[in-house]
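See below for the structure under consideration.
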Amino acid sequence: MATLKVSDSVPAPSDDAEQLRTAFEGWGTNEDLIISILAHRSAEQRKVIRQAYHETYGEDLLKTLDKELSNDFERAILLWTLEPGERDALLANEATKRWTSSNQVLMEVACTRTSTQLLHARQAYHARYKKSLEEDVAHHTTGDFRKLLVSLVTSYRYEGDEVNMTLAKQEAKLVHEKIKDKHYNDEDVIRILSTRSKAQINATFNRYQDDHGEEILKSLEEGDDDDKFLALLRSTIQCLTRPELYFVDVLRSAINKTGTDEGALTRIVTTRAEIDLKVIGEEYQRRNSIPLEKAITKDTRGDYEKMLVALLGEDDA
């Protein structure tokens, strides 16, 4: 469930564009007005506001926001105002500019989006960067990371609920044998993770637990803690089977470490507010005994804090 609260009475896009223009004029930017508008509009509404702003003022709203705002607040507003496919393309491109730690972002985009959402991200990547996402991922990665990540970002999974229980039994056995032999990079393991539907993967790993007496993630914990590929494999499985638990882990790490990881915090809130941030928040509170909103407000300040709280649906609007 989403946390985004869209206003009951939404003005015309031209009116929103005019109000945003007003927020940029004068001696100082009116950040509260910007939040009151953009943080309470759906992706489609934000898209139309951008179009109206461009038609009326001959400027790209994103460029104006970039010029008027700064720091973490600017990042949150810009990510939020982008269309979801554009946003994922940007996040993925940024990840290909960095090294190992960014592999998780590529995996996250590939595994927590629907097939259609991932396709839109790849199309947006083509349009924005004049090359393919898989091309940049292949260039950015090597070895086992390349095999896994290129397979994941090029995936187009069946989205239905139908599963083949015979296949689940066969592949649970196959995966168990590979894990037992520590062949974590086996092509069949990568094939299963990158081509099977999420329903089929869940059926396979449920059968794995039934047949072998422990969850697959528990089996993978027996590997080398310093093995970065194994860590990415664990995160991949978690994203495909229980994404809310993956996001809780990322949020907890982002908020609880010395010095907040605003990049991860902003990414999760802006990408999940229209999808399942309510479920993530409930799981966060269950596991950490503190509401997500309270954890965030303890570690953030100013307009950045106000924006995140608004996307959590916890402001007064």
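Even glycines carry a Cβ here, placed using N, Cα and C.
Summary of the site annotation: Swiss-Prot records Ca(2+) 2 binding at Ile255, Gly259. Screening the candidates Asp211, Asp299, Asp303 against this entry identifies Asp299 as the one listed for that site. For the Ca(2+) 1 site, Swiss-Prot records Phe24, Gly26, Gly28, and the single candidate of Glu55, Glu59, Glu68 listed with them is Glu68. Scan Swiss-Prot for phosphoserine across Ser70, Ser289 and the hit is Ser289. Record note: of Thr112, Thr141, Thr166, Thr266, Swiss-Prot gives the feature phosphothreonine to Thr112, with no matching annotation on the rest. Ile255 (Ca(2+) 2 binding site) and Thr300 (Ca(2+) 3 binding site) have their C-alpha atoms 9 Å apart, to the nearest angstrom. Counting only the Cα atoms, the space from Glu305 (Ca(2+) 3 binding site) to Gly259 (Ca(2+) 2 binding site) is about 15 angstrom. All protein chains considered, the CB of Thr300 (Ca(2+) 3 binding site) has 22 other CB atoms within 10 Å. In terms of DSSP secondary structure, the repeat 'Annexin 4' (242-313) contains 55 helix, 0 strand, 17 coil.
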